[in-house]
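S.K.: Below you'll find the structure I mean.
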Amino acid sequence: MKLKSLLLRYYPPGIMLEYEKGGELKTKSIDLLELSPSTDVNTLVGEIQKVEPLITASRTKQVRLLVQRLQEKLRQHCDHNFYLFKQVALFYHKHEPCNCSDPVISHVLRAHILPLTNVALNKAGSCFITGSYDRTCKVWDTASGEELHTLEGHRNVVYAIAFNNPYGDKIATGSFDKTCKLWSAETGKCYHTFRGHTAEIVCLSFNPQSTVVATGSMDTTAKLWDIQSGEEVVTLTGHLAEIISLSFDTSGDRIITGSFDHTVVVWDASTGRKVHTLIGHCAEISSALFSWDCSLILTGSMDKTCMLWDATSGKCVATLTGHDDEILDSCFDYTGKLIATASADGTARVYNATTRKCITKLEGHEGEISKISFNPQGNRLLTGSSDKTARIWDVQTGQCLQVLEGHTDEIFSCAFNYKGNIVITGSKDNSCRIWR
């Protein structure tokens, strides 16, 4: 093996190694999830060299500089306010200027002729996509608000959409027409149409290597598709009701599916073999995902609880309680140290993933919270609610730092970009807003 280059990964902190083996270029990562501004750099570099043979003595200085750059990034806490930068209205007839009072001028553009189903940013936040009941997906430039491409070809609602982040050069769209399509984000060309499901596709995800896209359907199965060939790799069968959530681990070796049958299943992504069935919830699953280091699985349910599972054994290690109504969304921070939950009771909670204790309760929304996510730095939370607002919160204190107002109907989607300096919100008022 020959090391070719070292690259930084800021969120979560780590170093990416590009190396040559047998004439083939490969990558691996050194995760530094415990890194802090006070970490002794020389000691850490020594520990890395003990376990990673590619980091030879000649690379010591370079690795030391990379770790110091990561530490400097950790010192830069995200604490700025967000202001409306662009608004894209999605009803054909809504073309009047925006009368909102935000301090940055916005533009309202004509776009989809029927309501919005989903929105998603690429890693950089330079462009975003919208899915719609009008059977199309549109690609937008974030800075100008201009429509770049209209992805046409589905014969029913385009419901699930995703970029192949971190690359961002491909888009997958899942439709009620039972197919998934793969597109070029740069040209809008359709590469493949994946056919095989017998009911609506309601969720999808790329694996981290962007070699496979997974689709979950109301036909109770999930399917994995090869991006290059367009062929079906494997079908995951075993659930008794629709699959509404699926997620790969960070290695791409395993995938989890959450279903309305109250269970979550862990699968081997290459063979389709069922590894574990996580049984314990007594109502429909709303979310299911791995922690970054793949040691834990977090599941949220309509039974008002989240459950934490050991990913190796499949055993439940904790049940997170406290909410008075259904859990609608849940997530880890980038390092896997914190857990956030959002509920129909109008509150969100933050838990310590190690102690499983509730750190703080986020109160202020006047309606159910359907989406929650950490910023990449892990010190802020973003929530979207049926009260027509999104909110930015301090993770440790639970204080609401900012209310993002202006939508005239429920917010059903919201997310940070990779740097944490852009927020996108999608609403049932058929507009999406970009905040900087």
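Including glycine, each Cβ sits where the backbone N, Cα and C put it.
Residues or ranges marked as repeat 'WD' by TrEMBL: 109-150, 151-193, 194-235, 236-277, 278-319, 320-361, 362-403, 404-436.
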S.K.: Short question: most Cβ pairs under 8 Å with the repeat 'WD' (109-150), which of 194-235, 278-319, 320-361, 362-403, 404-436?
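M.R.: Most Cβ pairs under 8 Å with the repeat 'WD' (109-150) come from 404-436.
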S.K.: Going by DSSP assignments with H, G and I as helix and E and B as strand, what are the residue counts for the repeat 'WD' (109-150)?
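M.R.: Reading the DSSP string over the repeat 'WD' (109-150) gives 0 helix, 21 strand, 21 coil.
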S.K.: Summarise the repeat 'WD' (404-436) by DSSP state, stating how many residues are helix, strand and coil.
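M.R.: Helix, strand and coil residues of the repeat 'WD' (404-436) number 0 helix, 17 strand, 16 coil.
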S.K.: Cβ under 8 Å, sequence separation of at least 6 from the ends of the repeat 'WD' (236-277): give me the contacting residues as numbers and ranges.
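M.R.: Hits for the repeat 'WD' (236-277): 199, 202-209, 211-212, 214, 216-224, 283-290, 292-294, 297, 299, 301, 309, 311, 313-314.
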